[in-house]
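Novice: Structure in structure tokens, see below.
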Amino acid sequence: MVTPSNSRRRVGVLALQGDVIEHLRSLETVGAEPVRVRRPEDLQRLDGIVIPGGESTTIDKLARIFEVRDPLVAALREGLPAYGSCAGMILLADRITGGTHDQQTFGGLDITVRRNAFGRQLDSFETDLDLDLDDQPQQPFHAVFIRAPWVEKVGGDVRVVGRVHLADPAAGSVDDAAGGAIVAVRQEQLLATSFHPEVSGDPRLHAYFLRMLD
Ligand SMILES: NC(=O)CC[C@H](N)C(=O)O
């Protein structure tokens, strides 16, 4: 499908640290107009924003230094759609465990997220996931996890989109009744994944986020 350039969705990528270029490329691939966001004025006229993977404590600090934190938090409260991958999931979470003592999140997603949840042995790993993206064909999604968080608790309005099933029984305590650690969630206009679709090159999550903007 060819989308006329004047109707492309303007989607920001918070460009302070992390997988910025990879997200800009993924957004191009799915037909959005990607925009780097560093300063408050960059938030103007956005249809949505991506908070990239990287280091959530660093992005948090830089967002305060660049004075983009408060306007971004306000925009999220006003309903700016957002997609966070990995560190971005942490930054969109209302509650965080395993954060540094002064770490803040932008918030919006009614979840409790645990930083670096998979522990040392599973620092980085790749696995195929079944994601519940409602209108997507159920081809497994090849997911790359790098010092990833998982979601420990979800509020009532949060839909679980994906889980990872841990082979290690020692990690079984994270498994809830439905089985598996929660690694992808959606709450209305907010989407978050523990993994990095911008790294694996599968465009389906970015395409899904773009459809959320319609
Ligand atoms: N790949 C990632 O984004 C890692 C997230 C990182 N562990 C953090 O706490 O921010």
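Glycine is no exception: its Cβ is also placed from the backbone N, Cα and C atoms.
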Novice: Say TrEMBL lists Gly54, Glu55, Ser56, Ile146, Arg147 as binding L-glutamine: which of Arg25, Arg77, Arg114, Arg115 is in the same site, per that record?
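Specialist: The one candidate that TrEMBL places in that L-glutamine site: Arg115.
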Novice: Given the active-site residues Cys86, His196, Glu198, which one's Cα is the least distant from that of Arg147 (L-glutamine binding site)?
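Specialist: It is Cys86, whose Cα lies nearest.
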Novice: Using a 10 angstroms cut-off on Cβ to Cβ distances, just flag whichever of Arg115, Arg147, His196 is the loneliest among these recorded positions.
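Specialist: Candidates: the recorded positions Arg115, Arg147, His196. Fewest Cβ atoms within 10 Å: Arg147.
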Novice: Count the other Cβ atoms sitting within 10 Å of the Cβ of Cys86 (active site, nucleophile), across every protein chain shown.
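Specialist: The answer is 29.
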Novice: Find the one among the active-site residues Cys86, His196, Glu198 whose C-alpha lies closest to that of Ser56 (L-glutamine binding site).
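Specialist: Among Cys86, His196, Glu198, Cys86.
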Novice: For L-glutamine, with binders Gly54, Glu55, Ser56, Arg115, Ile146, Arg147, what's the maximum Cα separation in whole Å?
Specialist: 13
Novice: Can you tell me the CA-to-CA distance separating Ile146 (L-glutamine binding site) and Cys86 (active site, nucleophile), as a whole number of Å?
Specialist: 8
